[in-house]
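Here is what TrEMBL says about this protein:
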DOMAIN    15-364  domain 'Acyltransferase 3'
TRANSMEM  21-42  transmembrane segment
TRANSMEM  48-67  transmembrane segment
TRANSMEM  87-105  transmembrane segment
TRANSMEM  176-199  transmembrane segment
TRANSMEM  224-241  transmembrane segment
TRANSMEM  253-273  transmembrane segment
TRANSMEM  279-298  transmembrane segment
TRANSMEM  344-369  transmembrane segment
Amino acid sequence: MKENVYLASKPRYEILDGLRGVASVIVVLFHLLETYSAGPAYQVINHGYLAVDFFFVLSGFVIGYAYDDRWNRMTTWGFFKRRLVRLHPMVLMGTVLGACFYFFGQGDGFPLIGHVPGWKVAVDFLLGCLMIPCGPRLDIRGWGEMNSFNGPNWSLTWEYVGNILYAFIFRRLSKALLALFVAAAAFCTLDLCLNWNVFGLLTEGRNAQIYTVIGGWSLTSEQVYIGLTRLFYPFLCGLLISRVGRFVTVRGGFWWCSLILAILLAVPCVGGPDNVLNGVYNALCILVLFPFIVSMGAGSRITDPKSARICTWLGELSYPLYITHYPLMYMQMTWVWAHPDAPLYAHVMVAVGAFVLSILLAWGCLRLYDMPVREWLKRHWLMKQK
């Protein structure tokens, strides 16, 4: 029976693992500096939010590479079990850490903390652990997030959606039909980036977020549309790249890809606030440049041990760092808002401290929790015979 067969993991694309780590580090820096910005147009690492869209390209590629040729030996439930073992332990850890830090974030920046009933906090915690998004009525922080304990969980929600759709629909598509889906998703990406609003789902309230893809973290019609749009093109394009199998090869691929990615995410707001050119830049990154980077990372090889070690370390760190850093960011935001007149060196020390703690926390969670738990689940759940 299919469900009795444990399929060993395939060889990894080391460069893509490393790029995931590079993007995760940039996300942490983006969130640290976001506290000091006057809005999306003035953010220092201005397009750091696009790292999420890059993650989705990587995800689509890796899912296609890892599972497309295994469905004759694997059930749908077998696929879901493997994905749960890979993703869900750290979802739990991120929610638990967020709950531990939650009440320390009380202040004007998070107006609901300390002013909502305990049952609502408990329900949010349970839903967060189960990866069930919370609607605006269950908001306990004041930001309308799907998970009030750990903001970045919103992108993992869409990752789960992508995995479910892959198992039931996307894996069955021919390359030609998949390409049509990619084209349709590209149209939606342009609709969002250029604010065409063809479907009437984008509201005037976006204001400073117009001509960006920022959003997707709340259960409103607009935010759900943004989240699905951000998922579909990158994920499907990554899946198509893995199936076509035509990659770009360069020497020093990891370093070139990392440099290009860092520059793309750090480019200032193009044309200034409320300028359609910034939407064009968002679309260019998502539709063309991120798939190109993934293709180059997949087609290039690491030839020196030092680069291999760096890619391995960054790859292992990437997911724990992404999913555990934000509870510390909540604390940093609360401190900054409560001490606007603190000297510059104090703000620098808090930011550097939060960054270092984020790295240490992620590495500790990886080694002491995530890896042992996944190994236990693999032996006692994935490999268990009926």
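Using the three backbone atoms N, Cα and C, a Cβ is placed for every residue, glycine included.
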In contact by Cβ distance (the transmembrane segment (279-298), the transmembrane segment (176-199); 3 or more pairs under 8 Å): yes
Interface check, the transmembrane segment (279-298) with the transmembrane segment (253-273), three or more C-beta pairs under 8 A: yes
Among the ranges 21-42, 87-105, 224-241, the one whose Cβ pairs under 8 Å to the transmembrane segment (48-67) are most numerous: 224-241
Same-chain residue ranges lying at least 6 outside the transmembrane segment (253-273) that approach it to Cβ under 8 Å: 14-15, 18-19, 22-23, 26, 30, 39-43, 45-48, 50-51, 54, 208, 280-281, 285, 289-290, 293, 296-297, 299-302, 307, 310-311
Contact set, same chain, for the transmembrane segment (344-369): CB under 8 Å, 6 or more residues outside the stretch: 28-29, 32-33, 36, 89-90, 93, 97, 316-317, 320-321, 324-325, 328-329, 331-332, 335-336
Same-chain residues near the transmembrane segment (87-105), Cβ under 8 Å, at least 6 residues beyond its ends: 113-114, 121, 125, 128-129, 131, 140-141, 147-150, 152-153, 156, 159-160, 319-320, 323-324, 326-328, 330-331, 333-334, 361, 365, 369-370, 373-374, 377
